[in-house]
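Structure first, commentary second.
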Amino acid sequence: MPVADIPGSKSITARALFLAAAADGVTTLVRPLRSDDTEGFAEGLARLGYRVGRTPDSWQVDGRPQGPAVAEADVYCRDGATTARFLPTLAAAGHGTYRFDASEQMRRRPLLPLTRALRELGVDLRHEERDGHHPLTVRAAGVAGGEVTLDAGQSSQYLTALLLLGPLTEKGLRIHVTDLVSVPYIEITLAMMRAFGVEVTREGHDFVVPPGGYRATTYAIEPDASTSSYFFAAAALSGGEVTVPGLGEGALQGDLGFVDVLRRMGAEVEIGADRTTVRGTGELRGLTVNMRDISDTMPTLAAIAPFASGPVRIEDVANTRVKECDRLEACAENLRRLGVRVETGPDWIEIHPGATPTGAEIKTYGDHRIVMSFAVTGLRVPGISFDDPGCVRKTFPGFHEEFGALRARL
Ligand SMILES: O=C(O)C1=C[C@@H](OP(=O)(O)O)[C@@H](O)[C@H](O)C1
Ligand SMILES: C=C(OP(=O)(O)O)C(=O)O
């Protein structure tokens, strides 16, 4: 029975690093994700003067409830949106001048609603070139707190950043949310804040965060559910079986819900207390599915859709256009390169199986999920190659080795 060795969750590692840095005391992160995104986050913390001790299996962070230990810093956030959105928010609670820049890819991605909310809270945040984009400078002088309105219809990360900031403000925060995508990521944030001693309450569309700071703890990181989607999809597509240990009924990550999509298509799924198994049955039905809650797995589904017995329509995924690339168009373009008929609209993609896909070079746009998704297609289509296979380093540097090992066992 093939068991996939999936590295830690990017989202959980990033939150754990923020919480550990903000907490009173020393926090140990057990089995953090070691990848470009999370190492960039840890390096950013170090630049801000936090001590981050790293061994392969655990990271230790000395918390500083008062904020960064340095009065000035220049932080490079690489490609990571969690780093680029969470770290300036953490820095705002301190005292000093902090500049944040990011890769070309991340510079293209928006954060204006978060900028606006932070400014509404009195934070002096200035964008150097384009409003709502990196590079930016925060002249931090603490945050008093109070009420703020936020539109998180483009990214839930704006809301996570403000929620994480809440306990570091003098009065706490009441965040009035007008729109919200990727809701399960907010559940991760709230559960992790609870683990660090903070209970957020919800009143209708408002999130009420008390002041008082965080408590350090020892925190074990789950395997990444979005990364697991490639391995589960491989089982569904090949008729084999894949088990991911460490992700079961109590999992925090909404992306584990991708297995329900595979189940609807005909795969057998078993979610145990601490493991999930997907078994391919040879049947892969077409379907219409709303992926607003689990949109990081949209490319995974798009990549196996050509082998379904009917059309696959994925709806309500407009915000996949502002990820590492415009994922709706990148998926469509690459499927067309393989000879598959595809249509897209503002927030949907429809894939029409029929023609037998043929090998081609996949244009990755430096997006790790495009590579990992089309690697699954490669189980059935010989001759698939990538213009930038190494961009998997963002969340899973060892992807090609682990996927290759699984492929040999399926
Ligand atoms: O908070 C997080 O850790 C994330 C939230 C999601 O982003 P959006 O809220 O922008 O959809 C997800 O796509 C991203 O990979 C990680
Ligand atoms: C969208 C993603 O990453 P982020 O927004 O954290 O850069 C992702 O990992 O698919």
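From the backbone N, Cα and C atoms, a Cβ is placed for every residue, glycine too.
Listed in TrEMBL for this protein:
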type: ACT_SITE; residues: ASP296; note: active site, proton acceptor
type: BINDING; residues: LYS10, ARG109, GLN157, ARG327, ARG369, LYS394; note: phosphoenolpyruvate binding site
type: BINDING; residues: LYS10, SER11, ARG15, SER155, SER156, GLN157, ASP296, ASN319, LYS323; note: 3-phosphoshikimate binding site
type: DOMAIN; residues: 5-402; note: domain 'Enolpyruvate transferase'
Ranking the binding-site residues ARG15, LYS323, ARG369 by other Cβ atoms within 10 Å, which is at the bottom? LYS323
Using the alpha carbons only, what distance in Å do you get between ASP296 (active site, proton acceptor) and LYS394 (phosphoenolpyruvate binding site) once rounded? 14
Provide, as an integer number of angstrom, the distance between the C-alpha atoms of ARG15 (3-phosphoshikimate binding site) and ARG369 (phosphoenolpyruvate binding site). 21
Excluding its own, the Cβ atoms lying within 10 Å of the Cβ of GLN157 (phosphoenolpyruvate binding site) add up to 25
Rounded to a whole number of Å, the separation of the Cα atoms of LYS394 (phosphoenolpyruvate binding site) and LYS323 (3-phosphoshikimate binding site) comes to 13
Among ARG109, SER156, GLN157, ASP296, ARG327, please name the recorded positions whose Cβ is nearer than 6 Å to ligand 1. SER156, GLN157, ASP296
Those recorded positions, SER156, ASP296, LYS323, ARG327, ARG369: which ones have a Cβ sitting under 6 Å from ligand 2? ASP296, LYS323, ARG369
Inter-residue C-alpha distance, ARG369 (phosphoenolpyruvate binding site) and LYS323 (3-phosphoshikimate binding site) (nearest angstrom): 10
Have a look at the binding-site residues LYS10, ARG109, GLN157 and say which one has the shortest Cα distance to LYS323 (3-phosphoshikimate binding site). ARG109
Does anything in the same chain, at least 6 positions from ARG327 (phosphoenolpyruvate binding site), have a Cβ under 8 Å from its Cβ, and if so what? MET298, PRO299, VAL317, THR320, ARG321, ASP367, ARG369, ILE370
Would you identify the secondary structure of ARG15 (3-phosphoshikimate binding site) according to DSSP, in three states? helix
Near LYS10 (phosphoenolpyruvate binding site), which residues of its chain come within a Cβ-Cβ distance under 8 Å, counting only those 6 or more away in sequence? LEU33, SER35, ASP37, THR38, THR82, ASP224, SER226, THR395
